[in-house]
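*Asks:* Okay, here's the structure, questions in a sec.
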Amino acid sequence: MRPAPALALAALCLLVLPAAAAAAAYFGLTGREVLTPFPGLGTAAAPAQAGAHLKQCDLLKLSRRQKQLCRREPGLAETLRDAAHLGLLECQFQFRQERWNCSLEGRTGLLQRGFKETAFLYAVSAAALTHALARACSAGRMERCTCDDSPGLESRQAWQWGVCGDNLKYSTKFLSNFLGPKRGSKDLRARADAHNTHVGIKAVKSGLRTTCKCHGVSGSCAVRTCWKQLSPFRETGQVLKLRYDTAVKVSSATNEALGRLELWAPAKPGGPAKGLAPRPGDLVYMEDSPSFCRPSKYSPGTAGRVCSRDSSCSSLCCGRGYDTQSRMVVFSCHCQVQWCCYVECQQCAQQELVYTCKR
């Protein structure tokens with residue numbers, strides 16, 4: 001077995017958004033443009049030079065406000081790249097056995113519609129950015145933030161003990177400014193996008209834990225230091241996938257008391273006449289999704305997809321059946337997480353039966 005390089009998707013492509021997107025200043029999987037190749041940023045192999053972050057920010061097709069924020073913070077461009085990468089990895093993992101597998105092909109078409117899959121893209125993109133920013137602060141990669149505000153623990157002391165907490169407070173505050181206020185929009189789709197974005201942020205917040213470490217002679221707990229730590233992003237992805245599975249279809253209604261447009265779920269038999277507003281943790285969508293069985297502007301279809309004969313082939317292959325062949329399969333093994341957003345693996349190989357959907 002030989003070591004494999006860290007997982008990299010689309011040659012470390014960065015998902016970007018158009019410069020003139022003031023009404024929907026999103027980032028990551030919800031960027032409105034096609035993927036743009038983006039070189040490695042300030043890695044150990046190629047350390048960032050002074051002022052290099054300005055060029056990196058200019059390469060990102062951000063809104064004017066976002067570009068200003070990026071240029072003020074030397075560590076932000078790299079963190080944005082990490083967040084896009086993290087969100088894409090998690091999306092593809094959670095939907096690996098689904099007809100829509102978070103393929104980059106068709107992403108632009110999806111973002112123009114109000115499907116459940118679109119809702120997930122907004123949620124996981126916001127969650128990844130929240131997570132990556134909080135981790136970047138605690139890792140000392142950002143100049144304008146540091147560890148979380150743990151009581152009685154200075155940042156320098158925290159780093160000395162190796163207990164620097166993830167700064168979720170700064171992350172969520174920054175993200176609100178970075179994405180811009182959209183809650184007051186009168187457009188139903190914009191309100192749905194904003195709602196799903198906050199579902200993603202909320203999922204990260206719910207995974208914040210208090211971790212403690214003892215200091216003392218021979219392992220005694222004479223002094224105990226506690227700090228805030230985010231749960232692994234895989235757990236956040238699982239929460240959001242569950243929200244996707246139970247997503248609520250909504251329409252719009254005018255709140256007469258407040259005089260504004262709000263999201264409402266359709267009325268159910270025996271329920272309120274006009275339905276109920278979705279809960280803060282519900283993903284919301286407006287249109288029923290296509291089958292994703294055949295190639296379309298939303299996905300490449302499922303022909304040729306590898307499936308599990310005992311579980312996913314029936315649904316994944318859309319009734320077309322599947323082919324069986326024996327081949328040498330190379331797969332990632334002995335994987336180890338490096339910091340927040342990368343996984344280093346070895347490559348293993350073995351002979352096995354592979355099932356692929358017929359065309």
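A Cβ is built for glycine as well, from the same backbone N, Cα and C atoms used for every other residue.
Dumping what Swiss-Prot says about this protein:
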SIGNAL    1-23  signal peptide
DISULFID  C91-C102  disulfide bond
CARBOHYD  N101  N-linked glycosylation site
DISULFID  C137-C145  disulfide bond
DISULFID  C147-C164  disulfide bond
DISULFID  C212-C226  disulfide bond
DISULFID  C214-C221  disulfide bond
LIPID     S218  O-palmitoleoyl serine
DISULFID  C293-C318  disulfide bond
DISULFID  C307-C313  disulfide bond
DISULFID  C317-C357  disulfide bond
DISULFID  C333-C348  disulfide bond
DISULFID  C335-C345  disulfide bond
DISULFID  C340-C341  disulfide bond
*Asks:* What is the nearest of the disulfide-bonded residues C212, C214, C345 to C318 (disulfide bond), using the Cα of each?
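*Replies:* If we rank C212, C214, C345 by Cα distance to C318 (disulfide bond), first place goes to C345.
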*Asks:* Listed disulfide-bonded residues are C137, C221, C293, C340, C341; which of them have CA atoms within 10 A of the CA of C91 (disulfide bond)?
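*Replies:* So the list reads none.
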*Asks:* About how far apart, in whole Å, are the alpha carbons (Cα) of C147 (disulfide bond) and C313 (disulfide bond)?
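*Replies:* Roughly 47 Å, rounded to the nearest whole number.
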*Asks:* For C91 (disulfide bond), name the DSSP secondary structure in the helix/strand/coil scheme.
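*Replies:* C91 (disulfide bond) sits in a helix per DSSP.
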*Asks:* With C357 (disulfide bond) as the reference Cα, tell me which of the recorded positions N101, C212, C293, C345 is the closest one.
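*Replies:* Result: the closest of the recorded positions to C357 (disulfide bond) is C293.
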*Asks:* Counting other Cβ atoms within 10 Å, pick out the least crowded of the disulfide-bonded residues C91, C164, C348.
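*Replies:* Ranked by other Cβ atoms within 10 Å, the disulfide-bonded residues C91, C164, C348 bottom out at C348.
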*Asks:* For a quick check of understanding: among the disulfide-bonded residues C137, C226, C293, C335, C340, which residue's Cβ has the most other Cβ atoms within 10 Å?
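*Replies:* It comes out as C137.
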*Asks:* Would you mind sorting out which of C145, C214, C293, C307, C333, C341 (the disulfide-bonded residues) have a C-alpha within 10 A of the one on C317 (disulfide bond)?
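*Replies:* Checking each Cα against C317 (disulfide bond), the hits are C293, C307.
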*Asks:* For the C-alpha pair, I'd like the distance in angstrom between C348 (disulfide bond) and C335 (disulfide bond), rounded off.
*Replies:* 11
